[in-house]
Structures are given as structure tokens and as C-alpha cells.
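Take a look at the structure below.
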Amino acid sequence: MTLFFIVTLNGLTLAALYFLAATGFSLIFGLMRTVNMAHGALLLLGGYVGFSVVEATGSWGLGVIAGGLAAALAGALVQFGILGWMQGDELRQTLASIAISIIMADLMLWHWGGITYQVTLPELLSGGQRLPLLGVGYASIRLALMAFALVIGVALWFLIQKTRFGAVIRAGVDDQAMLRALGFPIKRIFISVFALGGMLAGMAGVVAASALSIAPGTDLQFLLSSLVVVIVGGMGSVGGAALGALLVGLAEQYGLAYAPTYGAVFTFAIMVLVLAVRPQGLLGRAEK
Amino acid sequence: MHSEPLLQIAGLNLRYGSSHVLHDISLTLGARPLTILGRNGMGKTSLCNAIIGLAPHFSGSIRLAGTELTGLTPEHRARLGIGYVPQGRRIFRSLSVEEHLTIVAQKGGDWTIERVYETFPRLKERRRNLGDRLSGGEQQMLAISRALLLNPRLLVLDEPTEGLAPAIVSDVVALVREVSQQGMAVLMVEQNLHAALAAVEDAAILVGGEIVEHMSAQALATDPAMQKRHLALELA
Amino acid sequence: MKNAPLLAVLLALPLFLNDFWLTQVATRALILGITALSLSFLATYLGVVSFAQAMMAGIAGYTIAYFGPNTVAIGWELPFWLSIPLALVLATLAGALTGLVARRSRGIYAIMITLAIGVAFFYLTRQNYSLFNGWTGFSGVRAPQVFGLNLRAPVPLYLMTLAVAVAALVLVAGFVRSPLGLTIQALRDAPGRVRALGIPALGPIVAAFAFSGFIAGAGGILNVWYNERISSFSVGLGPIIDILIICVIGGLRHPAGAFIGAIAFVLLETFAVDLIDRDRFNTLIGLVLLAIVMLAPNGLQGMAAALVARLRPRAATPKTSI
């Protein structure tokens, strides 16, 4: 039974990370129809920058912020400098973002090398907690990560559902041409949303480097998980990303624990199942 | 005195692939509100799109108060003072009524959210409802309000009475008259002849992408032969 | 046969090229070209960019490794005349399955789903030891001796690869002209109308993916013989992207682009070492991809076609144009 609890908690940890990574990816896709294949690279960049800043300053919070900002800046630059010029040509954007992810991954390998990094945790988050009721001990950082994902999720929901900026984003998702005809500077909105998505990915990178570890290949892992999460949960919605992340994270950990050599098949099976039953994703809206 | 008309279209041509949708359109619009009439497929919506900037590939010139619009993005044109009420209303389905209004509302200007709510009490009642929960009439009121809140110099309406109940059609007509009397230029594309002639003062008829007649609304209203020739539905 | 002179040159290549050029450049480009052809076929005629082709090729390669001679003592050896058809059948099935999963998806959705399939397969090969031998994979996978001819030797390997490449191109051309091929192109151009005519879309889409799996499988078999090994790295993001890059360089609008792209890719890979630090090859290839996407979306083949089109009217245009 203890194993089951631990596996469930591991699944939730992973789900929290997947949610943080996928929600930015989903947001960008929902508004701009851009499949940002460089999303994993943005996450890894955030992780590396966060690691370096934590090493230099000793402040974990500063590391998370720096990682988020670095990836936000990189995301904004990618949209402003490259993807924005091919808006509407989705295939070209996808290919261009693949090129960017290859270049970014290679340059990061150059600068940070092929080694695995783990961010030094602040005292408060190192060590473990004995969980009441379940009777198992669990790493504090992982519990904090779940709380962090929850807070980010709620904040994001508030931003999108309750603010003027969020209303503009939703309007852009619904009918981009109409939004432009009302005078909204779509290019600037796109860049802001790309920065927001990048920031979420970058923070996820620092948190991933704290709760787990990061290395070359982490970018691919989170790109894949983001893809599957939004395919399963539905594109462009925070709730969809949360549900998708929960399913994929849990399935992966149960798979790893109970059928270790076929873990990847579980993720795949969930995706196929959802596509067969609900092609637009569990919480997705059908395409017009 | 500066007497350039607000909207000046000269030699406008629009092609989609091999089909010639608009053919050498020239017209000017000043203080007198104008309707463009025509049957389906005559190029009415294409003309709107050319003015709004949603159909970028055309030759010819469209000027707003002397500023050439060719090559400008839709958002730029909107900020120059064009308010657009599109065909099919194109309400944002995941925004509430209030959100529709707050994202476009500006400080200063004749039209404010309060005035919209006074004009359309129904919208105030339904201000928490999402766009896709509104009736056709409510959506049309919202689409017009959304454009008015930009406090535009020119209001472009594309078939604003389409699919509406007669009582609501007369509300729309009354509103169009009101805003044009208060000095806003109005270009109203319509199929509904009677509504259009009641709302505006001048009429142009679009047939096959060409303007074939341009006259006062009153003259057209009293010329059943012309109405029949260009506008009557051909029943098989 | 307007391609006869080209074919004659290709057949005569072993007379001119040393083993390095023949094996490292010509044979390798042809093998990559065959696998890339499976993608450019889908992209050109079904309008779907699939990232699952490395998976299909990999399944054929793993089948050959599992049922052939290898040095990791996994699997059981079958004669090549059984293992080759088996590999092709499994690759075709993998293609069909991919088509079944992605049947309703177009454009970017198809990209996302096929990429997820491809990467999931990569993780499977890494985790699984009973069938795929995990990280290490299979080594010592040798091409068979057929009628006393050693297919591992440079010239036979080259000629066999050339034969497969020509066969694949002929098959694609035939498939495209068949009723099934025409249905697929109609689905690409007007999916709604085809369905409205009552033509079921599922069969043709699955068939197109299955066919592309067959072609990819042929490339996969040659690739495992060429490298004499296969592992998760053979089906990872690297090869997935390489196939895509080859197609994009060559142009996604014509199947022959795959081979043009493959030659450019192999030359770049072989000689980039002289230009830049070997470790930064990925940056170079990323920049090349980015440049092509930004400047010449139709790839080298498209650039050549545009150039020809620009030159031709001056040379000889019959006065029939309007």
C-alpha cells in the first residue's frame, strides 16, 4: 500500500511539472495556432539559468524568477524575430520552431555541457515531510512543487478569466480577425502571450531542476509530455492542460512502477484512446 | 475649408484567384449615410472586407479622411476610426457581454458602456452571459455596441438586419439613424431593401461586383421597377 | 525514359568513386533518401507531415536485428528470405496503425500526434530490454550473403540500395496514379467534398500511411545493414528530425526532393567538419533548416523548379498563354 501511495505522489509530482510545462504550450497554441516545438528548449533554458542564478546568489526564489524571465525573453524574441513573420502559415512555423529548438539545444549543450544539474534546495524545502493519514514520508520540494503548480494554475485561471488582458486573449482565440478589426495590436498580443508561455516553461524548468534534475534530453521529454498532455486534455485551455497532465503523469508513474519496461506505452495508449473517443481532447472544443 | 469626403474609394478591384469579385468600384461617402444593396454573391461583403482590411489583395485606392488605407493592417484602420459590425455578428463566444464592452471601451468619446446599457437595457440584463448564449437580436445589439464604443468616424455595417425579428430590425434601423444624425458616417451593406432605405439617405446598387446605380434612398424607394431589376430574388 | 541518362550515371558511379565516396556519401544518401521518400510521399500526396517515419523504419530495422544474426544474443535467427518480408510487413502495419490513430488529423494536429507516436516509440525502445535491448540495442547485424554475393561489400551494397531506391520511386509513381492514389490526392485537396461523395476516407488514409510504412521499412532494413547496428538512438529525435530536414531541404512538394535533400544533407554532414567544430553540427543544420524555411519554403527542389520556370519562358514558350 505504501508503494501505491508513493507512486501516486510521484505521479502527482510529475503531473504538476507536466502541467506547468504544457499550459504555456497550450496557451500559445490556443491563441496563435502555433505549435511551438521549441517549448522544451525554453523550459531547459529556464532550468539552466535558474540553476546558475541559484548557484551565484544562493536564493532559490530568485532562481525561479530568473529562469522564468530568461525563457520569457527568449520566447518573446522567437515570436518577434522569427515566428511572427510567418503568422498563419502553421506548417512553416512548426518547422521554424523545430530549427530553433535544435539550435537552442545545441548551444545550451555547448555552454552548460552534457552533465546533469540539480538545483540546491533552500533549507525549508530540503528534507521530507511525514504525511498525515497516508503514513508515508515524502520530499518537501515535491510537495512544494504540487502547491506551486496549484498556485500557478489558479493565477493563470484568474488572469485568463477575470482580467481585461485575459478577455482579449480569449477573444483572439475565438476570432482573431474580428479582434484585429476592433483595433487590437495582434502582434504585440502574440509576443506577450509567447513571453507568458515562455515564462511558465522557464519556471517549470527551474522547478524540474529542483525536484528532479535536468540534462540534455529534458527538453525532449517535456516537449513530448506537453504534446500528449494537450492532445489528451484539449488545446488552449488551462483546465484541459491540468486534466491531461494529471492523467499522463499518473499513468507514467504507475506504468513505471508496475510495468517498468512498457511505461512509454501507457502514455501512448492514453493518447490513442482519447483520440479515438474525443479527437478534440477531453476538455477541448471541436474545431469549426 | 477642408472638404475632403470621409471615405473615398477609387478604382477598387478585388480578385480571389481567377474570379473578379469587385470591379472598378468608385464611391465617396460623406455626411449622408449610404447603403450598398445587392443580392447574395454580388460582392457586398468583399467590399466591406476591403475597407476593413481583411481582404488585402486589391488594386485601387481607399482613403479615410485623406489617409490612404491600402497596405494598412485591420488594427491600424480601426484605430484611424473605422468601426465594423460584421456579417454574422461574430460575437466572441467565450466572452461575456460585459467583457465585449470593457475590452473596447475607451475613456472620453460619446459612446460609453453606460450609454450602451441605456440604449440597450437588454444587454445590461444579460451582461454576465457568454456571447454564445445570446439570441440573434442580442448578439446584433452587442456587435453594434462593440463597434460604437470605439467611437469611430465611420461605422461599417455588413447586413445588420440579417435573420432578425421585425421588431429588432426596426430597433437597428432607428439606431443607425440616430448615430448618423449625431454625425457618425455610416456605410450599411444590406439585402433587406426596406430596412436599408429607412435607415439611410443614399443608396448604391452592387451587381456582379460593379456599382450599377447610385441614387437617393427616396428615389429608389419610389422606383419599384429598378428594385425589381436589380434586387428582387429570382424565383425559379 | 527521360531519366535513363541519370540512371546510367548512377549505375556507373562505382567505376568512378572510391569506397569512401561510394559508401559514406552515395549509399548513405540513397538510404536516407528512401526513408525520407516515405515522408515526402505523405506530405506531397496526402498533405500530412508525419514524424513517425523513423519509427516505421526502426521497426523494420529492429525486426531484421531481432530475427537476424546479432552479437547481443537476443531474438532468434530466421533466414533472410523470411526476416525481410516480415520486417516489411511489420513496418507496413506500423504505418497503417499510425494512419488509424492520425486519421482525423490534418496539418499541425497530425504533426503533434505523429511526433508523439515517434517519441513514445523512442522511449519504449529505451525502456524495453526483452524486444529492443534498451539503450544498447543490437549490434553485429550483418547483411546476408545472397547467392554467394556479399551484400556488405561496398559495390553490392550500393547497387542494391540504388535498386531499392528506383523501385521505391517507381512504386510511388504507380501508387499515385492508381485509383487509391487519386482518392488520396482528392482527400488532400478537398476532404469535405470527398466525404460528401460517400467515399470513405478511412481506408485510403490508412492505406497511404501503410504504403509509406512499407517504403520507410525498406529504408530501415538498408539502414540497419549499413550501420550493422540499431539502438534507441536510431529512432530518437535526431533521426526523426534528420528525415524531416532532408525533406524540407529537398522540398516537401515533390517526392524526388527526398533524394536531393538526402544528398545535400550527407554532403553537409561529411564536410561540415572542415568548416566548423564537429560538435556544433546541430547548430549548423538547425540554421540551414531555419534559412530554408524562412527563405525557400519549397526547398532546393522548389528553388530549382522556380529557376527553371523563370528561364524557360524566354527560351521556348509557345504563344498560347493568355
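Just so you know, glycine gets a Cβ as well, placed from its N, Cα and C.
If you look up TrEMBL, you'll see A:6-29 (among others) marked as transmembrane segment.
As annotated by TrEMBL, transmembrane segment applies to A:36-54 (among others).
Beyond the transmembrane segment (A:60-83), the same-chain residues lying 6 or more positions past its ends with a Cβ under 8 Å from any Cβ of the stretch are 34, 36, 38, 42-43, 45-51, 53-54, 93, 96-97, 100, 104, 119-122, 125, 190-192, 194-203, 205-207, 210. Here TrEMBL flags A:60-83 (among others) as transmembrane segment.
TrEMBL lists A:95-113 (among others) with the feature transmembrane segment. Remote same-chain residues near the transmembrane segment (A:95-113) are listed as 34-38, 40-42, 44-45, 48, 74, 78, 82-83, 86, 216, 219, 223 (criterion: CB distance under 8 Å, separation of at least six residues from the stretch ends).
If you look up TrEMBL, you'll see A:133-160 (among others) marked as transmembrane segment.
The list of residues near the transmembrane segment (A:189-214) in space but at least 6 beyond its ends in sequence, with Cβ under 8 angstroms from a Cβ of it, reads 13, 17, 20-21, 23-25, 27-28, 31-32, 36, 39-40, 42-51, 54, 60, 63-64, 66-76, 78-80, 83-84, 87, 116-119, 121, 125, 139, 141-142, 145, 148, 152, 156, 165, 168-169, 172, 222. What TrEMBL lists as transmembrane segment is A:189-214 (among others).
Under the heading transmembrane segment, TrEMBL lists A:220-248 (among others).
Under the heading transmembrane segment, TrEMBL lists A:255-277 (among others).
Sequence-distant residue pairs (6 or more apart) of the transmembrane segment (A:133-160) and the transmembrane segment (A:220-248) include at least 3 whose Cβ atoms are under 8 Å, placing the two stretches in contact.
With respect to Cβ pairs under 8 Å, the transmembrane segment (A:220-248) is most closely packed against A:6-29, considering the stretches A:6-29, A:36-54, A:255-277. Sequence-distant contacts of the transmembrane segment (A:255-277) (same chain, at least 6 residues past either end, Cβ-Cβ under 8 Å): 3, 7, 10, 225, 228, 231-232, 247-248.
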